[in-house]
Amino acid sequence: MYASREDIGYDFGDDSKVGSKPIKPNANIDGGWAWMIVLSSFFVHILIMGSQMALGILNMEWLEEFNQSRGLTAWVSSLSMGITLIVGPFIGLFISMCGCRKTAIIGGILNALGWILSAYAANVHYLFLTFGVTAGIGSGMVYLPAVVMVGQYFQKRRALAQGLSTTGTGFGAFLMTTLLKYLCTEFGWRNAMFIQGAISLNLCVCGALMRPLSPKDVSEIYVVRSNSEDNQAKVLSHSAESIKSNGVLGEEPEKKEEPTNEKVFDSVQHTETGGKTQSGSNMYGLRILKTVSQLTLTVRKGFAMWYSSYFGAASLFTNRVFVAFIIWALFAYSSFVIPFIHLPEIVKQYNLSSQNNIFPLTSIIAIVHIFGKVILGIISDLPCISTWNVFLMANFTLVTCILTLPLMHTYISLAVVCALIGFSSGYFSLMPVVTEDLVGTRHLANAYGIIICANGISALLGPPFAGWIYDITQKYDFSFYTSGLLYMVGILFLFVKPCIQKRQLREKSTEEAQV
């Protein structure tokens with residue numbers, strides 16, 4: 001869904017035929033240009049996710065400028081964060097037509113436009129449209145291709161590659177917090193947003209680096225992964241196996257349309273060839289007709305694949321473990337973004353501004369977050385370690401920190417808790433790996449789009465909810481307690497996977513005993 005054949009390069013042919021041929025390793029897989037993709041994704045995370053983690057600085061400026069409630073003002077940051085992730089499933093339509101590279105470049109321009117237009121905001125509602133919606137959609141058009149392309153270029157060290165690329169969030173949160181604080185102090189928040197918009201144009205450069213793989217390269221990755229992960233495939237749910245047995249979602253309509261498409265193109269080309277003796281205007285009209293026909297067919301194919309992925313008979317939603325994973329994502333992300341948005345206000349209430357100015361608590365989260373992603377990625381790649389277990393342990397640590405943070409009233413204690421939040425939140429680098437283990441390589445883009453959409457809903461509602469509770473209680477304590485408890489509910493759904501695995505093992509042993 002998330003790319004055309006030329007972009008991600010899925011092989012739509014028979015897998016058995018591919019598997020029967022000797023696989024010659026490509027230098028760009030797990031090496032070569034793959035590291036340029038990691039570098040591109042790293043800078044995307046700096047400019048998008050890092051900037052969003054630093055919005056607490058601008059949130060304070062907006063509170064002073066517009067004199068609105070904390071709940072209403074927090075919607076600006078939440079819209080930007082939420083829409084970046086919520087649009088994930090719908091970005092696939094653009095990628096199917098344009099490819100990852102063009103989609104990312106367009107998104108970079110849109111994101112920069114949102115920052116620049118926000119510099120002229122007259123009220124909070126204006127920021128909802130310019131910064132929340134415009135910049136948010138642009139961010140989503142760059143973020144998703146950056147994550148998916150890393151997964152396509154790596155076969156062996158996927159967790160490490162995703163960990164290295166997503167460390168850009170931590171670097172970005174540290175750098176952008178410092179940068180925005182300096183720009184707001186020296187030039188005011190309006191000029192700061194204008195300058196940040198100019199910096200965001202570098203997203204277009206990152207998109208240009210997303211060179212697509214050939215269909216042969218990606219088919220080789222899929223064959224090798226499928227052979228090396230047979231043991232993992234045995235414990236997947238029955239619905240996941242049914243999805244894999246159907247091959248690429250939406251392949252059947254595509255095959256049926258191919259003869260018709262060829263006839264259309266052949267007739268247009270034949271008419272164009274026979275019209276060489278006609279006037280130039282007729283030739284120009286034929287070329288336009290051919291272009292429109294190709295675009296129409298591309299849109300139809302892309303929409304058919306997108307629709308069948310989410311609503312067809314082989315929908316990803318028939319995978320019960322994946323559905324439980326979606327429910328977890330609905331509760332998880334808000335617990336991570338709430339501290340970034342409201343920590344500056346909490347520090348101000350506790351009269352810790354002088355210490356926080358020396359070394360901000362959000363910067364502590366950002367720096368330790370970098371190490372957390374890399375270390376958790378390295379641990380998960382060890383053959384004796386289960387990625388799922390590492391993922392669960394990190395989630396339990398994070399929810400514990402969220403629940404204990406309101407109990408800390410000194411800078412040292414807050415710094416320790418923030419460091420633990422930063423390290424445990426490094427599990428975000430494992431999300432693409434866990435998603436791929438649940439649904440398979442071919443459906444990674446579709447599935448990960450759904451997961452980040454759920455995360456987006458969480459990020460959209462979390463900070464305004466925390467601000468709304470503060471407006472009622474004049475304390476942030478209940479905001480963290482409530483979000484922590486909801487997060488714990490989401491974690492409980494992750495135990496659906498081992499339950500289903502145990503039941504499948506019992507059914508298998510029963511069938512073997514009967515035989």
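Quick reminder: no glycine exception, Cβ is built from N, Cα and C everywhere.
Here TrEMBL gives transmembrane segment for one range in the set 128-148, 191-211: that range is 128-148. Along the domain 'Major facilitator superfamily (MFS) profile' (37-502), the predicted structure has mean pLDDT 77.
Scored on C-beta pairs under 8 angstroms, the neighbour of the transmembrane segment (388-405) with the top count among 33-55, 103-122, 128-148, 446-466, 478-496 is 478-496. Long-range neighbours of the transmembrane segment (33-55) within the same chain, counting only residues 6 or more positions beyond its ends whose Cβ lies under 8 Å from a Cβ of the stretch, are 76-77, 80-81, 84, 104, 111, 139, 142-143, 146-147, 149-150, 153-154, 161, 164-177, 179-180, 196, 199-200, 202-203, 206-207, 209-211, 337, 340-341, 362, 366.
Among the stretches 358-376, 411-434, 446-466, the one making the largest number of Cβ pairs under 8 Å with the transmembrane segment (75-96) is 446-466. Counting Cβ pairs under 8 Å that are 6 or more residues apart, the transmembrane segment (446-466) and the transmembrane segment (128-148) reach 3 or more and are in contact. Within its own chain, the transmembrane segment (128-148) has Cβ neighbours under 8 Å at 2-3, 8, 40-41, 44-45, 48-49, 52, 75-76, 78-88, 91, 94-95, 100-101, 103-104, 106-115, 117-118, 121, 162, 165-166, 193, 203, 206-207, 210, 432, 444-445, 448-449, 452, counting only residues six or more beyond its boundaries.
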